[in-house]
């Protein structure tokens, strides 16, 4: 007997979960999350999960700790309700930056979260564009790491004239991602060497590549406070770029991000809906619901997902 496919959502990104369910042609499952007076969370599924193939959609967006705890409790409740398999669908895995011990006496949070998800009972994890891809090595369960590159490439191809464009990596860490996009679009590549002054401030040291008179296309994994983005845009304009567009998988947009983008000479900033979209004149939202829906369907059917990784 085939196991029923069941999609549920935490509170972090219900619009994306609904879009995934709609793409699959099934209703979004019913669940309840409450917060008691003592700040404790309570979660309950409002329908049977017995022998179901359960996928729980939850991005680690602010408030991150609340959304993490809710996901852990939903996974635990699903296992306790006799689900045959539980997959944690984490479109935005914010703790992926904490993947190594790069200073004394710190926690490697990504490893801790991997342990917590497995202890809660997750059988599989489905995520997208990890800041540090090696994070999936912390898991002893399968991790499917999807890419938003096809969506971003299609956006640039339909939004700007590629005849005189260049793909730009905003720092050395994004060079592999930007290089892949440049090959897909058959464009030259440039990158910016920078140093991080603080958690919210960066300083550009050098621009490598020719951008003068060209349309620069910045590609990044996420935009948080937009400090790195704004510094990159200004460096490109000073180097003679004709105009600058930017795209990222995760548009977190916290703190001064929207104000910085509004004041920046960047023409447009696109991000996918792994995080709930925000409204502002220069922002554009791209959906990755079809990619997640396809991945979920293939996992449910026992088919290969590897073609969705690039």
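In case you wondered, yes, glycine gets a Cβ from its N, Cα and C as well.
The following features are taken from TrEMBL:
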- 6-121: domain 'Ribose-phosphate pyrophosphokinase N-terminal' (DOMAIN)
- 38, 39, 40: ATP binding site (BINDING)
- 131, 171: Mg(2+) binding site (BINDING)
- 194: active site (ACT_SITE)
- 196, 220: D-ribose 5-phosphate binding site (BINDING)
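In terms of Cα distance, the recorded positions that sit within 10 Å of residue 220 (D-ribose 5-phosphate binding site) are 171, chosen from 38, 39, 40, 171, 194. Other residues of the chain with a Cβ within 8 Å of the Cβ centroid of 38, 39, 40, the ATP site, are 35, 36, 37, 41. Per DSSP, the domain 'Ribose-phosphate pyrophosphokinase N-terminal' (6-121) is made up of 44 helix, 25 strand, 47 coil. Taken residue by residue with DSSP, residue 171 (Mg(2+) binding site) is part of neither helix nor strand, so it is coil. Counting other Cβ atoms within 10 Å of each Cβ, the binding-site residues 39, 171, 220 show the lowest value at 39. You'll find the Cα of the residue listed as 'active site' roughly 6 Å from the Cα of residue 171 (Mg(2+) binding site).
Under the DSSP three-state reduction, residue 131 (Mg(2+) binding site) is assigned to coil, being neither helix nor strand. Of all the binding-site residues listed here (38, 40), the one with the fewest other CB atoms within 10 A of its own CB is 38.
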